[in-house]
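Here is the structure we will look at, set down as structure tokens.
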Amino acid sequence: MPAIVLIGAQWGDEGKGKATDLLGGRVQWVVRYQGGNNAGHTVVLPTGENFALHLIPSGILTPGVTNVIGNGVVVDPGVLLTELKGLEDRGVDTSNLLISADAHLLMPYHVAIDKVVERWAGSKKIGTTGRGIGPCYQDKIARIGIRVADVLDEQVLAEKIEAALEFKNQVLVKIYNRKALEPAEVLENLLEQAEGFKHRIADARLLLNQALENDEAVLLEGSQGTLLDVDHGTYPFVTSSNPTAGGAAVGSGIGPTRITTVLGILKAYTTRVGSGPFPTELFDEHGAYLAKTGGEVGVTTGRARRCGWFDAVIARYATRVNGITDYFLTKLDVLSSLETVPVCVGYTVDGKRVDEMPMTQSDIARAEPVYEELPGWWEDISGAREFEDLPAKARDYVLRLEELAGAYVSCIGVGPGRDQTIVRRDVLAAR
């Protein structure tokens, strides 16, 4: 069976956890392929239990699914162990979690540098979560990072930590006037933490390819969203990895020809956390309504999300750069009780109409939305389970978004619960 990629098609927080949870019972493997604990997935079970996950794949809540933290992820050992304990304390079986030997470890000096650099940036800050994600990826690209497998060889680990701190301490002490970190202390803490996850280390790329050869279904789960991709997002206000579909193959070790379905997650409106351009952002009572009704607070950071109307320009862009075959539209229920629902169908930049994503950062920052007004609906749709159960105006809204985005809306979320989903097309059987 081929692999399926699940990605955010906006600026993250689209509801990927709900989509993964929906498909989790029908796949054998769920893989997180990039990012770190700078993003969160929320899963609400039929019992009403709410789980917020940051590093661990959403499939951990589905019995019989093997979950993998892939080589493209940066892993904070302390966060990993805390998250595991939190799940186990609530009765979740975590024995089905594996960690790629090639994933990079997020170290204390990454967090220290991330926080101090962002603080010094002042008004020019990017809006990082301060979790050390960027500095960890910097070390990975510079080939001086520490990988998960390094904890299996204490001598190698000690040498790598000492070499890293020889430079990192110079930065912390001489540039930012911060206290130096002791190599022996960092090593001791990491070795102690490693006792809690060493048994999970695996050759993930081998296991995943063998699974596909055995006709098992593999779901590749991205964090953040397309517009936060370091290459294809609104740079420099982006993350340090590739949440887009191309990153799924690199971050898991699966060949790209194995992937036949790319499921994009779209919120029925748009949100963003942190700094950066946001053409449809609202500063009026409508923005406040979306934030309150949609519960728009970041799972990981606790920061309030910026809210705006649906942006079809970025949806079309996401469809193209990811090769999206299907969409999961979430939070349609939040739009109930609005008289009209504006949809951004294009921009004006310096008075000129633009229907596609502007090429430059400065043009995106100056983009003004061009809206198409769609009629709203007043009915409560949280109980709808078939597309025909939706009011006609809600159906028209979905079909118009589908037309503008350029890919079929296969699933629709009408509430936070696992069962509050309309399935128009089975994405696992579609190809």
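Each Cβ is built from the backbone N, Cα and C atoms, and glycine gets one as well.
The IMP site recorded in Swiss-Prot includes ASP13, GLU14, GLY15, LYS16, ASN38, ALA39, GLY40, HIS41, THR129, ARG143, GLN224, ARG303, and the single candidate from THR47, THR234, THR239, THR293 that the record places there is THR239. According to its DSSP assignment, ASN38 (IMP binding site) is coil. Recorded residues ALA304 (substrate binding site) and ASP13 (active site, proton acceptor) have their alpha carbons 12 Å apart, per Cα-Cα distance. Spatially close to GLY15 (GTP binding site) yet at least six residues away along the chain are THR42, ILE265, LYS267, PHE328, THR330, LYS331, GLY413, judged by Cβ distances under 8 angstroms. LYS18 (GTP binding site) falls within a helical segment according to DSSP. A helical conformation is recorded for LEU332 (GTP binding site) in the three-state DSSP classification. When the alpha carbons of LEU332 (GTP binding site) and ASP13 (active site, proton acceptor) are compared, the span between them is 14 angstrom.
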